[in-house]
Amino acid sequence: MFAFQLLVVFFIQGCYCVQLNDFYPYGQSHGDHIVPTNDDGSSIRVPISTSFPYFNQVFRSLYVNTNGAISFDETLSTYTPSAFPLNGNKKIVAPYWCDIDTTKGGDVWYYETNNQDLLFKATDDIRQIFPEQKNFHAAWVFVATWDHVAFYGASSTGQRKRNTFQCILITNGRHSFAIFLYNKIEWTTGTASDGNANTGLGGTPAQVGFDAGDGHNYMAIRESRTPAVKQVASLSNVNIAGKFVYRTDTETVKDGGCTTHTGGKLTIFPRYVTMFGGTILSIGGPCVEATDNISIMFRNKPEVITCTFFSNTAVRCITPMMYETGDVNVTLTVLHRHNTSVFTGICTFVNPANVKPNLNRIKPEEWKVGENVTLKWEELPFEADTIAIELLTLTKINNTLQLHRETYVARKLPLIPKHVFLLPSSGQAAVLRIHPEPEDSNQDTSLLPSGWSDVFVMLPPDEKSLLSACYDWDDREEKHRSLERNQIDTCPCTITQARLDISRFNPDPHCNTLDHNIDNDTSINCIYHVGALQCLRMAFPGNMGHDNQCCYNSDGKLIETNVKTFGGTANRYHYKGGAEDNIPYLSNIYDDVVPYMYCCQYPAHYNLDLDTCQRFLRRRPPSRCLGYIPPRSASSRGDPHLVTLDGLDYTFNGVGEFTMIQGKDNHLILQARMEQFKDKHGNLKQASVITSVALRCATIINSRGNDTNIESIWTSVTCRYPNIAVNVTAMAKMININIVIAGNSLRGSVKGLLGNFNGKQNDDLTNAYDKILPINSSLDVIHHKFGLTWQINASDSLFTYPVGKTHHSFQHVDFKPVFNVTDQCPSNVADVCGDDQACRFDFCTTDDTSLAESTRIMTDEIKVMTEVALPACGEPGNIAKGYWNFTGKSANLLCSENYISNGQTLIICSDDGQWSVINTTCELKHKSFNKMAKWFDGQCHKTKANIINVSLDKSFDKMAKWFDACDEISNFTHGYWKVNDRSADLACIDNYLTTNIVIVCDGDVDHVK
C-alpha cells in the first residue's frame, strides 16, 4: 500500500539530529560484526535467533547491505534507488538507500541482541511512540549502523562528506518495529546515479522507506528521491529530530508519528474500556510538550477532563463513568503557547458483563449485609503507594438509575492484595471500586484510575428486609407493561441447538461452567443459576427491549424454571441495552436480577416457604422451548464444497468473485472471492479455495484470508444481525463460511450459490437466469451452467482491492478445475480422510494435508448442524395444541400451556426415513372448579374499607383438598379467576375491589395469600 509519510520539522539548539550518544551502542568496541569494505556489497546471510514479522510474512535471516538497506531473501546490490514498489520480489528496509562505497571511507556494523538493557531501551522506545503497545515487551533487537560512510565516485573533496545513520529492528515475536536514527547526512547521491563528485548531491537521491516485495505494498517518506532527503536528520515522524519509528508486521507499515495540525486523528489504547470508567488511556496523534495544557471530552459528558504528558507523542487520560456502551466520540484539545489544536478519535465503552473484574469476592454467595466479607485482587491497573476502596450502590435518584458512591470500606490501605470488612447496609445491589488514596479529602475521586468488582446483589440482613423488597418490586411492576409469554422468543430445547443458533442467541457471560479457568473460591459464574451447565441470552434485544435467558443442565436440556429450580426467565431489560430507558447491564441488574434473587433465591437462606417466587414468575415468565424452530445453516468448506440452506451438498471450483447469497431486497449480500490454490512450493493446482469474503447486512464488511506463511493461523469472526449470523473462519490457506438464519426468516427470499431456501432441494441449483439444473448434474455441468452464472461484475462488487489490483485481476472465467479425482489420490488418503468424500476430493486435487483435514472437520460440524435442524424423516404430523421439537434423529412432543400429553412424547426417525408410531395427544390439564367459586364468594367488595385478607385457618383445608386436582376455576359473583399455568389471580369486576389473592397448584402444597 502506497503511503506518504507526514513529516514534522521542529527546532532545537545545536544539531538538528540524533546525537551519537543516543544511538544504540555500536562499533568494534561493542563487539559488532562488520561488513567487509566494498562497493555495492553486503554481509553474508545472517541467520537470526527469532522470527521477524514483516508485511504479514516472517523471516529467519537477513542481509545488511552496504547501500543503506537491510534485505530479506536476497542481497541488494542496486546502487541507484528505484521508486517503490520494486520489481523482482525484493523485500527491503531502507533507512537510507543510496550508492555507498566504504572503500572511500566509513564502516557498516551489525549485531543482534537480547541484552536486557537494550531490550528495556527498545521496549521504552516502542511504548512511548505507540500508545496501543502499552504492554509490549521487546524480545529481540537487531542493530545495523552505517558509520561515517562515503559515496561512490567521491573526489578527494567529496570524501569529506559523510553520512551516519542507524536502523534498529525490534520484535516480540508477534509485532515488529523499525527505528531509523540519523546523526549526520551530508550527501544523497553517488556519481553513478548522476551525483556530483565533490558534493554528493544531484542525480537520483536516496530513498527512505519499506518495500514488501509483492509489487503493491510499500511506504516511502515524502522526501525520498528528492534533494530534500538530505534534511532527513532534522525531520521526524515522532517529534524528535532525526528519529523515525514504524510498525512493520502488518499488511501496511504503520506510522508512529504525531502532528501539531488541528483536526488530526487520535490513536487510543486500550480501544475497549469498561463502562464504569477509571481506565488509563494512552493517546497518540498530537505532538505535545510537558508544558502544554491537555484536556479531553467524551460525547454526552459535560466534564472537561485534564490529561497528563507522557512523552512527545503520547498523553495519558482517565475515562469517566458512562451509562452507555459502544463507540463514543472523544475530543482532545492541546493548548501550546496560546495555540489550540483539536484532535478527534473513538473510544469503545464495553458492557461490564464482558469485563473481567479486577477485584474478586471470596465466597460471593455468602455476602450478607452486616457480616464480614473478604475481597482480594492480583494486579491493579494503576500504581499507588496506598489505596482506598469505595462501595457504590445501584439506586434511582430522581427516577434516574445510577451508581451512587455510598461509603468507603477502606482508606489508606497498604498494597496487600486482600481486605476484610463489614458489608454496609446500603441498597440491594452494589459494586466495589479500588483506586489510589486521594491526596486530600476534597479531591474528586471519580476521575482516579480505578479497578472494579462485579456488580453484586447483597443478601439482606433479615427476612423482613427481603420480603419488603420483593413485595415492593411486585407493586412497582403494576405500573409497567406486562411481559406476556407469547411475546418472548422461545428458547432452544437443547444446549446443542442453542450453541448452533448463533443468529439468535449468544453465551451468557455470567454462566458458563465450561470455562475451566474458574477459581471456585471467588467465582461468580452461574451464581444466579445454581446447577446450570450454561446459560444463553438473546443476541439482540426483543421488540420490547426485553431479553430471554435460556439455561441448560448437565444433560444438555433446558431447565424449566419453577419455585424449586433456577433456570432462565424473561427479562424486562436486555443486558446489552437497546431501549431508551435501558442502561446497559445496570437496568437488567436492578429490574430483573435483584427481584429474582430477593423473591426466588434468597428466601431459602431464611428457610422461608412462601410464594414470593411465584410473584416473580408471574411478572417474568419462565423460559420455555415450546414452538422453537431450529435455525437453518448454509456453508462452504475446502475446495469449495457448498451446502445450501435446504441441505444440498455440491462442489463448485470457480476462480473469481461470486454471489453466495443475496436477499431479494439486497439488504443481505454475501460475496466470496475464489482463487486458484497454490501448494507449499507455490505451484498452482487445478483447484480453488475461498480467500476473501464481503458481506452487506446494513453495512459492508470485508474479510481477507491471511496471505502469510506464519504457521498455525486459525482465526474466526462472527458478524451478527437480527436473525442472521455469518461466521468466517480462516484456516489452512483458505476461508470457510457458515451462515445461520433464524427459523423461517428469509425463507423463499434469497438466491445465489447457497440456494433459494424454500424447503426443497430439487431447485437449489437455480442459476442466475432462473434456469433450474437437476441436482444430480455432473460437476462439469454445475460448474459451467450454474456456478459461473453467479459471478459478479465490477459494479456489484462489495470488495476492496489492493493498490494495483482491480475486480478484473481476480476473474478467470476459463479456469477448468479437476472434475474427476479417482486416479490421482495420495496413498494415505484413507488415513487422512476416512470416508469423507469432500476431504478425499480436496486431498486428491491439492495434495495438501492441512486443507483436507480442515475440510473433514467442517464436514463433521455440518452434520451436527443438519441433524439438529431437521431429521431425514421430515416433519411428523401435527398434534393439536402441541409442537414437535427436533433433536437429531428424534423429536419430542411439547404441549401448549395448560395442556399435557397422554402418551409417549418421544418418536424416533428410523434409517428407512420413517417416524416411529405416534400415539399421543395433548389434553387440557384443568376441568371444572365450581366449589372454588363458592369458597371465595364475597371476597370482592365495593370499598377498600371492607376488604379483608384471606386467612389460612381450618376453612382452607376444604379448598386444599379440593384444589389438589388443579381443575379449572369457574367465575363467580363480581369476580373471576385469571389462570396462568399453575397459579391463578382473583380479579374483580363491576368496580369491586379485593386484596391481591393468588392460588397456586404445585402438586404438593397449595397456597393462598
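The first residue you see is number 1, and the count goes up from there.
Each Cβ is built from the backbone N, Cα and C atoms, and glycine gets one as well.
Record source TrEMBL places C922 in a disulfide bond whose other cysteine, from C895, C940, C966, is C895.
Listed in sequence order, the residues of the same chain lying 6 or more apart from C922 (disulfide bond) and placing their CB within less than 8 Å of its CB are I879, A880, K881, G882, L893, C895, S896, Y899, I900, S901, N902.
On the 0 to 100 pLDDT scale, the model's mean across the domain 'Sushi' (871-924) is 75.
In the three-state DSSP scheme, C922 (disulfide bond) is classed as strand. The Cβ of C895 (disulfide bond) has 22 neighbouring Cβ atoms from other residues within 10 Å, across all protein chains displayed.
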